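Chemist: Shown below is the structure under consideration.
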Amino acid sequence: MNGTEGPDFYIPFSNKTGVVRSPFEYPQYYLAEPWKYSALAAYMFMLIILGFPINFLTLYVTVQHKKLRSPLNYILLNLAVADLFMVLGGFTTTLYTSMNGYFVFGVTGCYFEGFFATLGGEVALWCLVVLAIERYIVVCKPMSNFRFGENHAIMGVVFTWIMALTCAAPPLVGWSRYIPEGMQCSCGVDYYTLKPEVNNESFVIYMFVVHFAIPLAVIFFCYGRLVCTVKEAAAQQQESATTQKAEKEVTRMVIIMVVSFLICWVPYASVAFYIFSNQGSDFGPVFMTIPAFFAKSSAIYNPVIYIVMNKQFRNCMITTLCCGKNPLGDDETATGSKTETSSVSTSQVSPA
C-alpha cells in the first residue's frame, strides 16, 4: 500500500519513514509545502468573499421584489440556499483548517464539514436536475396542458433536499464515512478505502450511479431535447426574429450550463473514481486536492448562470443596490422571463 490508513483517516503517503501523523492532531507539511496550504486558504477566502454576497443578495432581492416570487424562482432560491450551506458550513471550516495545515476540528468536525459540504453540493446538483426537467416540460411539451405552478415548485424543492439527504446522511449513520482528503484540510466521502466495516464499497457505487451518472444523464437528455425543439420551431418560422433569438439564447444557456457542470464536477468525480478503482495506487495528495477544491467553485458559478443572466432579476438587483433607482432605466416587467407562456419564444426559453 502506498498510503497510510488510520482508524478515521487515510493519508496518501507511505509511513515507511515514520513521519506520518494523524491529520486531526498535527500539521501535514510532509505532504506539501506550507505555502500550498496558504494558497488553499487564500482560495477558500476568495470563494467566501464572492460566494456569500452573491447568494445572499439573491435571497434578499427576491424578498424585496414580489415580482420575482414566481414558482420557478423557488428552485433558484433553493439553489442559492444550497450554495450558502456550502459557504457557511464548509468553506469557512476549510479556510481555517488550511491556515493551520491540518484538520484541527477533529473527527466530529470532519463529519460536520463533510456533511454540510456534501449536502449543499447535492442540493445544488438536484436543483439543476429539477430546472432541466422543468425546461424540458415547458418548452418541449410532452404534456400539452402542463403549467409549472407553485405546488410543482414546492415539490421540486422538497425533492432536492430528500435526494441530497440520501447522499449526505448515510455516512453519519454508518454507511461509509467522512474522512480528510487530499492535503487533509477538507473532508469528503471515503473514496480511498473499501472499509468493509462500514460497507464503503457499496455506498461509493451507489453514490456514483444515483448521485452523479443519473443526474448527468437527465440534464443532457432534457437540454438536448430542448435545443432540438427550438431548432425545429426556428426551421418552421424562418422569418420569425423572436424565434431566432430564442434559439440563440437557449443554445447559449445550454452550453454554459452543461460546460460549467462538467468543469466543476467531472474532474472531481473522475479522480475519485480512479482512486476508488485503483485501491493502493500511488498518487500524491495534490492529485485529489485540486479537483476537490475546484468543485467548490460551483457555489459561484450557479448564481451567475441561473440568476444574474435573468434580465428581470438583474434589473431588480441593480435597483436594490442603487437604493430604489435603476441607472440603466430598463423596464423590469418587459424584460422579465415568463416561463408559463405556451409558445416557443424568447421569454419562455430564456434563462429563468
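Using the three backbone atoms N, Cα and C, a Cβ is placed for every residue, glycine included.
Pulled from Swiss-Prot, these are the listed features:
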COMPBIAS  335-352  compositional bias 'Low complexity'
CARBOHYD  Asn2  N-linked glycosylation site
CARBOHYD  Asn15  N-linked glycosylation site
LIPID     Cys322  S-palmitoyl cysteine
LIPID     Cys323  S-palmitoyl cysteine
TOPO_DOM  1-36  topological domain 'Extracellular'
TOPO_DOM  97-110  topological domain 'Extracellular'
TOPO_DOM  174-202  topological domain 'Extracellular'
TOPO_DOM  275-286  topological domain 'Extracellular'
TRANSMEM  37-61  transmembrane segment
TRANSMEM  74-96  transmembrane segment
TRANSMEM  111-133  transmembrane segment
TRANSMEM  153-173  transmembrane segment
TRANSMEM  203-224  transmembrane segment
TRANSMEM  253-274  transmembrane segment
TRANSMEM  287-308  transmembrane segment
Chemist: What residues elsewhere in the chain lie close to the topological domain 'Extracellular' (275-286), defined as a C-beta under 8 angstroms and at least 6 residues from its ends?
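Modeler: Same-chain residues near the topological domain 'Extracellular' (275-286) but 6 or more away: 1-3, 11-13, 28, 31-32, 36, 182-184, 191-194, 204.
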Chemist: Within the topological domain 'Extracellular' (174-202), what mean pLDDT does the predicted structure show?
Modeler: 94
Chemist: Does the transmembrane segment (287-308) reach the transmembrane segment (153-173) with at least 3 CB pairs under 8 A, where each pair is 6 or more residues apart?
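Modeler: Counting Cβ pairs under 8 Å, fewer than 3, so no.
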Chemist: Based on Cα coordinates, which of the following recorded positions are within 10 Å of Asn2 (N-linked glycosylation site): Asn15, Cys322, Cys323?
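Modeler: Of everything listed, what lies within 10 Å of Asn2 (N-linked glycosylation site) (Cα to Cα) is Asn15.
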Chemist: I need the least crowded one of these recorded sites (Cys322, Cys323), counting other C-beta atoms within 10 angstroms of each C-beta.
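Modeler: So among Cys322, Cys323, the recorded sites given, the one with the fewest Cβ atoms within 10 Å is Cys323.
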Chemist: Using DSSP, what's the helix, strand and coil tally for the topological domain 'Extracellular' (1-36)?
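Modeler: Breakdown, helix to coil: 3 helix, 4 strand, 29 coil.
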Chemist: With an 8 Å cut-off on Cβ-Cβ distance and a minimum sequence separation of at least 6, pull the same-chain contacts of Asn15 (N-linked glycosylation site), or say none.
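Modeler: Looking at Cβ-Cβ distances below 8 Å from Asn15 (N-linked glycosylation site), excluding near sequence neighbours, one finds Thr4.
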Chemist: Counting only residues 6+ away from its ends, which parts of the chain sit with a Cβ under 8 Å from the topological domain 'Extracellular' (174-202)?
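Modeler: Contacts of the topological domain 'Extracellular' (174-202) (Cβ under 8 Å, skipping residues fewer than 6 from its ends): 3, 5, 8-12, 23-24, 28, 31-32, 36-37, 40, 90, 93-94, 97-98, 101-103, 110-111, 113-115, 117-118, 272-273, 275-276, 279, 285-290, 292-293.
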Chemist: Per DSSP, what is the residue tally for the topological domain 'Extracellular' (275-286) in helix, strand and coil?
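Modeler: Summed by class, the stretch gives 5 helix, 0 strand, 7 coil.
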Chemist: Please indicate, using numbers and ranges, the residues of the same chain that are 6 or more beyond the topological domain 'Extracellular' (1-36) and have a C-beta under 8 Å from a C-beta there.
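Modeler: Distal contacts: 100-104, 106-107, 110, 177, 179-180, 182-185, 190, 192-193, 280-288.
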Chemist: Count the other Cβ atoms sitting within 10 Å of the Cβ of Asn2 (N-linked glycosylation site), across every protein chain shown.
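Modeler: I get 12 for this one.
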Chemist: At a C-beta cut-off of under 8 Å, are there same-chain residues at least 6 beyond the topological domain 'Extracellular' (97-110) that contact it? List them, or none.
Modeler: 8, 23-29, 34, 37-38, 40-41, 44, 178-180, 184-187
